[in-house]
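As recorded in Swiss-Prot, the features of this protein are as follows:
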type: BINDING; residues: D36, T72, D238, H239; note: Zn(2+) 1 binding site
type: BINDING; residues: D191, H195, H339; note: Zn(2+) 2 binding site
type: SIGNAL; residues: 1-24; note: signal peptide
type: TRANSMEM; residues: 432-452; note: transmembrane segment
Amino acid sequence: MIPEFLVVSCTLAALCHSVPLSLQTEQQKVLVVSFDGFRWDYLYKVPTPHFHYVMKNGVHVKQVTNVFITKTYPNHYTLVTGLFAENHGIVANDMFDPVLNKSFSLEHMNIYDSKFWEEATPLWITNQRAGHASGAAMWPGTDVKIHESYPTHYLPYNESVSFEDRVAKIIEWFTAKDPINLGFLYWEEPDDTGHDVGPDSPLMGPVISDIDHKLGYLIKMLKKAKLWNNINLIVTSDHGMTQCSKERVIELDQYLDKEHYTLIDHSPVAAILPKEGKFNEVYDALANAHPNLTVYKKEEIPERWHYKHSDRVQPIVAVADEGWYILQNKSDEFLLGNHGYDNALAEMHPIFLAHGPAFRKNFTKEAMNSTDLYSLVCHLLNVTALPHNGSFRNVQDLLSSAAPKAIPYTQSTTLPLGSAKPGEYEQEESYPYYIGISLGSLIAIVFFVVLIKHLIRSQMHTLQYMQVEVAQPLLQA
């Protein structure tokens, strides 16, 4: 007969081994949603019950400092790389690369040249290299072949595709036979309307309400698909918006001869490429031209913007004060709402909310950086982050789990010469790993207590038997 204590020992030992292992390998799901141009305080302009539902049952960060320039493509690429614009290479919506001798323009949609994107590696590729699957519904850059890869599933950009259809695809990919563990969902509003009418217009109210309804629809569909309680949903944006006025316009033609330069990017950060031999003339003419315009030589751009160490940043950069608009001449398009200004300005800051099994409940944090999102998502997915400019330590208090240990990274980087180095790389174990370790340790303690009690009882039983034997009289011969 197998001794009882041996059966108990083997059973408990198996449990100790299997429980943490199964928890450690549990695959987390992450869905990142971006509502383009959703300023941090839009949450309070009109009733937004679905946003507040997420806040009450999840986490909310009051102020998110994004990257300069505060435009769509630079900031969406920062969210998925953790890098400043000078490091990931997408420095504006409109760029010229003198090395490639090529232009990149969101306006003309010539954005599909892989070389513009390959100074960094976005999250979906890192996730797929780790053996997982990713899906993207219109997220900027996901329909570009980067490092010979696309997301596992993606929708080519088409603004006419409804939000509901985008959600349907995301749900389909998360519930497929071979499901994704990482999804990206993008919606163009409230940016489009914010440009047309300005963020201070009463016409923004219905747009914000509609986005709240769209978030409610997403939550409803996640619940219907039984994903709501086991998916980590992150709702964020790329930038805010500020109100402009035709009374606050800086017209470059008043100060510069248009034959002496090429205007690569426009308002509110004018990227100026002087014609050969005309640098000093252009700079001198513009340097003190307007009290609401600050003009920098490339090498004099403030370090805090992390913007000057890229070939795609032009020799002269002119930055308008908040609310001021740069036009080459009065015939150029003027927008009542704009962004791209100094990333220290609160009106440029986006939202950040999150809900899911990894996040705390009803928790509000004062501030974070958009570069921090990358390491947070890598942590949730338990994939190794590449060198980045963010900090997991800066956002780990959003999580309900124990904070992971950190070690310095050892990978080399391909950052431009003179660029700021990425912050300390943090090795992030997934939070189920720590739950598993805790439960495993608890079971091990219980096992040893049971084993010791069993051994004590066995010894006591043997001792009692011996005492009874001694008490019996010897047989008479």
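Placed from the backbone N, Cα and C atoms, the Cβ positions cover glycine too.
All features noted in Swiss-Prot, drawn onto the structure.
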residue	record	contacts (Cβ under 8 Å, 6+ apart)
D36	Zn(2+) 1 binding site	T72, Y186, W187, E188, E189, P190, D191, D192, S237, D238
H195	Zn(2+) 2 binding site	G37, M241, L335, L336, G337, N338
H239	Zn(2+) 1 binding site	G37, R39, N66, T70, K71, T72, N75, H339, G340, M348, H349, P350
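Each of the binding-site residues D191, D238 was scored by the other Cβ atoms within 10 Å of its Cβ; the lowest score goes to D191. In the three-state DSSP reading, H239 (Zn(2+) 1 binding site) counts as coil.
The Zn(2+) 2 site is defined by D191, H195, H339, and by the 8 Å test on Cβ atoms against their centroid, the other residues of the chain that qualify are D36, G37, T72, D192, G194, H239, M241, L335, G337, N338. Taking the centroid of the Cβ atoms of D36, T72, D238, H239 as the Zn(2+) 1 site, the other same-chain residues with Cβ within 8 Å of it are S34, G37, T70, K71, N75, H76, D191, S237, H339, P350. Other Cβ atoms within 10 Å of the Cβ of T72 (Zn(2+) 1 binding site) number 23 in total over all chains. When secondary structure is read from DSSP and collapsed to three states, D191 (Zn(2+) 2 binding site) falls in the helix class. Under the three-state DSSP scheme, D36 (Zn(2+) 1 binding site) falls in the coil class.
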